[in-house]
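Working notes for the structure below.
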Amino acid sequence: MALRSLLDEMVGVGDAVLLEPLSENHFLENLQLRFQHDEIYTYIGNVVVSTNPYKSLPIYDSEMIERYRGRNLYELPPHIYSVSDLAYRSMKNYGRDQCIMITGESGSGKTEASKLVMKYVAAMSSRSTEVEKIKQQLLQSNPVLEAFGNAKTNRNDNSSRFGKYMDIEFDFKGDPVGGLITNYLLEKSRVVRQAQGERNFHIFYQILCGASPTVLKKLKLDSVEKFSYVSPGDANPDDAKSFNEVLSAFDVIGFTRAEVDSVLVLVAAVLKLGNIKFRSVAAKNGMENYVVDVCEMLSIKSQSLTSALTERTMTAKQDTVTCTLSANEASYNRDALCKEVYDRLFTWLVNRINSSIKVPSQTNKKCKVMGVLDIYGFEVFEHNGFEQFMINYCNEKLQQIFVELTLREEQEEYVKEGIEWLHIDYFNNAIICLIENPHNGVLSMLDEECLRPGDVTDSTLLAKLESVCGKHEHFESRRATKFLADKTLPHDAFRIQHYAGKVTYFVENFIDKNNNSLFRNLSNAAFLSAHPLLGGAKGLFPEGDPSITVLKRSPTSAFQFKASMSALMKNLLLKNPNYIRCIKPNDVKRSSVFSSDLVRHQVRYLGLLENVRVRRAGYAFRQKYEDCVTRYKMLSPNTWPLWHGAAKDGVKHILLNVKISPDQYEYGRSKIFIRNPRTLFKLEEHRAAALHDVATVIQKIWRGFQCWRRYQLMRHAQIVISKNIKKYQNQQKYMRLKAATLVMQCYIRGWKVFALFYKCIFMGNFDLTTISFLYFTKLQNTLPSYSPIEKKWPACKYRFLQAAHPLLRDIFHRWRYRKSLTPQRKVELTEKLHASNLFKGKKSSYPTSLPKKFVGDHVTLSTNQKWQKVGAGGDIIFADEGFKIHRANGKFVSCYVVLTNTSLLLLDEKTVKQKCHVTADDISGISFSPYQDGMMIVHCKPPMDSKKHKGDLILNVAHSIELATKISLLLERQTN
């Protein structure tokens, strides 16, 4: 019930397949009802219809992304995240390359839809540093390409004036590892001319409004009103913010500062070129001072650019002719240069981004691919030219793909699976695509006319189109007999019946825009530029190399675009398609305004109603038998937990057990076909309930395991506790037995003494042995304490022991004192006694050193890691900071003075490296002054070779008395 309510309780119908009754009016009413309640997404099976809300909605945050992660298409309300998740999981789990095709007319929200798809895919991948870097580069390519390729039109404030297809490549974990962007047909004519109410590309306004004064001065730019290529007053406050975002995006992608500066200089140079004016009297002398700025910005010689703009050089065989252009021709030449520079700069930007986001060459494994197509929508203006013709041709090809992969393949799959169904007629636009026919198509005639020698004009092109395509049922011209009276069709235009309706194209500038070539003078001047992007063999104009004498004619725009469209279609046909069909609700770009006529027109040419009918007449859901058994096997006791028979038989057991009506499904050769999504919902409900029961069993087993594990821990703890208790009890029993034994021994010994005493006293049997025993027994019981200051001693009443009694007292007192001394204390007292013998009455500082302990290692050198690495040998007896005094100049040098059980060392305080080494055998004596100082001289024995004798050591040590005492004791031990 929970799954069904998610769709049934929504506004209108979330899946158009469930509309009752199905008609165009009901379809539009459902879209309008949902649009007015901010439900902008609607399903048609697995196709998402998106209506542009023209406002921000709170349905795209991270919480919503998590809500749609890994969910079935029909579990949650329709959303663009749903089709994104379906495509991502199909790619990750099944290894199928995916493509999300976002189509619709200009202003329907295709660009924003592509951003949301990329946002969702980025959120699905891991959060490692390398993956985050790649994701940010992919996402930040959008602001750069939008700034240079988008513009405000009368239909859309952020209209894509180029086509973009991005392939995002993923590794086996589903993490992006790179990507590839392909651009199509930038509307470069917008650089020099815009329609009323429209703007040039965003980047021009962003630089002028967002760049700092320093940057503007560097680019030699002023305000917007001073440039003819940008419309006055079209700038808005968001341009400054967008410019900063573009600069940040450049940094994230990996552009260097020099590359960004070079790009901005070229954009500024295009603006400056547009301000160059010509006079008809003498074009060369009529140019304004803007030439100087442009030449400085592009690093071109002024004479070279001037000649390129105002002259044309033609070469025929070995003859060269130079002619001066008129003012209009020079202006046309200038505009052609600006358009070509901007167009090639945009292509360079795309290639530069690709070099940053491409898959690393060391990645050997084949990557999975998800493509996102964001391309211009169908356009119909009051004045449609060459660009609109190419754009609408592209949309015809995309519609053909949609027809082939969604509608026709839908029917063919039923035939392939042996399913009977009602045939549905649909609009097939394949015949319209005959305009690309290589022999008699519009594109072929256009290229042929451009290559034909002689006088070629737009009028001759129109005449040729009429003669070749005039009889085509989708081609209309005023020169044709049947359209002579059609006053809505101008004489200098032709009309084509597209899948979206009829569009009239004016042939003005068709020839020029298709030629796609510059005068040789301009390409030569650009090639000779010192600008890092413009000039040279690797620059934007490699064909301008003067050393190239034989030049091939540049391919026409129509030829290039046709080839790129063929490559795109081939690429799309290799991938599993996912569709997002975007709809523009009104022409005024306002929220809550729904124009039924406008939406009806889009629904018709997008073929949405035909798609619904195919789903309704056929089956809304299909799945392979193996996948169906895997997902729903818990619904039948025959298939749970494992099914070993044929997958089709397993599906039959499941459907019979769930008791679904046979008219709601059909068995194909390899798939099960379900007619209505409600049937699928029912299966999902039963599955959710079964999973609840399975989860209960798993919980039961897990809890039982936890109880068993807890029992084992408690049993082990009980054994340990029992062992320790028994041990403690036996110990206590042993102590009691021991105490009882001692008591018994005391009583027995006491009884023996009493018996002896009784014998001596009452029986008169006294002897010296008995008296001595009684004396020592009494003395043992009356001994004084072990305190050194205790002077008491028991009296002796036996005369023959009077001489021995004081001797025992002296022995006891000496023994009592020594017993209280620790071995360490004995050593300290020995050293102190030796120091007294050496220095008492001889050294003034001796009394002050008497109460101080001999510490030995005053600097804790034994724990120093550097000392341990040096490994000088021997145990440290003494270590302290001191000074070595040079005999020559009296200079004090700080060092560590160290005495080991073998030698005397002087060490560097920082590195603990040896500076001097004297063995104990080489020390002959030590001299001191009688005063209160630490000066001492260590006399060293001269070696056998007296020439190498370095002399005695003069030291100044704070604990000199301790050092001298320890050296003296060390020498005595070695002597003995």
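In case you wondered, yes, glycine gets a Cβ from its N, Cα and C as well.
Since the structure is predicted, the reported quantities are computational estimates derived from the model, not experimental observations.
Here is what TrEMBL records for this protein:
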type	residues	note
DOMAIN	11-688	domain 'Myosin motor'
BINDING	Gly104, Glu105, Ser106, Gly107, Ser108, Gly109, Lys110, Thr111	ATP binding site
REGION	565-587	region 'Actin-binding'
DOMAIN	843-976	domain 'TH1'
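Distribution of TrEMBL features across the structure.
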residue	record	Cβ within 10 Å
Gly104	ATP binding site	23
Glu105	ATP binding site	23
Ser106	ATP binding site	20
Gly107	ATP binding site	24
Ser108	ATP binding site	25
Gly109	ATP binding site	25
Lys110	ATP binding site	29
Thr111	ATP binding site	20
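Within its own chain, the region 'Actin-binding' (565-587) is flanked in space by residues 31, 35, 46-52, 54, 80, 83, 86-87, 90, 96-110, 113, 117, 155, 165, 167, 182, 184, 369, 371, 373, 377, 393-394, 397, 400-402, 405-406, 593-595, 598-599, 602-603, 606, 608, which lie at least six positions past its ends and keep a Cβ under 8 Å from the stretch. For the domain 'Myosin motor' (11-688), the predicted model reports an average pLDDT of 84. Within 8 Å of the Cβ centroid of the ATP site, not counting the listed residues Gly104, Glu105, Ser106, Gly107, Ser108, Gly109, Lys110, Thr111, the chain contributes Asn52, Asn156, Ser159, Gly377, Cys582, Lys584. DSSP assignment over the region 'Actin-binding' (565-587) gives 9 helix, 8 strand, 6 coil.
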